[in-house]
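> Here's a structure for you.
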Amino acid sequence: MIQVLLVIICLAVFPYQGSSIILESGNVNDYEIVYPKKVTVLPTGAMNSAHPCCDPVTCKPKRGEHCISGPCCRNCKFLNAGTICKRGRGDSLHDYCTGVTPDCPRNPNKGESDELEWSAAATGSVLM
């Protein structure tokens, strides 16, 4: 209800900037932003007006905040470069945050063998 009221106020005050409409899509925490000829689905809870990182009107991180969610985002800020965001298994290398994105990029030093899944056959080993 609050989001609908905010959209109505924004459309009345800024009629040419109101190119998006916020819709509630069945689940309380799932929202979509509808642009002309384009629908963007947001992360669960991103449009919750209580979300500390998100401006409920623009659906972007608040001023001074870097991100809303992601493995390299905590408390609305990017994690420091070098922070482990995905631990390697066995001899596999870890993946690290870059400090400039909320995503966890694949470690460029990983070889082809690091891509094997744990479900692959284990020769001479017992997995428990």
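Every residue gets a Cβ built from N, Cα and C, even glycine.
Remember, predicted model here, so these are calculated numbers, not experimental data.
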> Which cysteine out of C59, C67, C72, C73 is the one Swiss-Prot pairs with C97 in a disulfide?
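Swiss-Prot annotates a disulfide bond between C97 and C72.
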> Looking at the ranges 24-44, 108-128, which is given as region 'Disordered' in Swiss-Prot?
108-128
> According to Swiss-Prot, which candidate among C53, C54, C104 shares a disulfide with C76?
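Checking Swiss-Prot: disulfide partner of C76 resolves to C53.
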> Can you tell which of C54, C59, C104 Swiss-Prot lists as bonded to C85 through a disulfide?
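So the cysteine paired with C85 in Swiss-Prot is C104.
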> Only counting partners 6 or more residues apart, tell me which same-chain residues put their Cβ under 8 Å from the Cβ of C67 (disulfide bond).
C53, P61, C73, C76, K77, F78, P102
> Which value does the mean pLDDT take for the domain 'Disintegrin' (47-112) in this predicted structure?
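When the pLDDT values over the domain 'Disintegrin' (47-112) are averaged, the result is 84.
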> Sort out for me which one of C53, C73, C97, C104 has the most neighbouring CB atoms within 10 A, since those are the disulfide-bonded residues we care about.
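Selected residue: C97.
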> Helix, strand or coil for C72 (disulfide bond)? Use DSSP.
coil
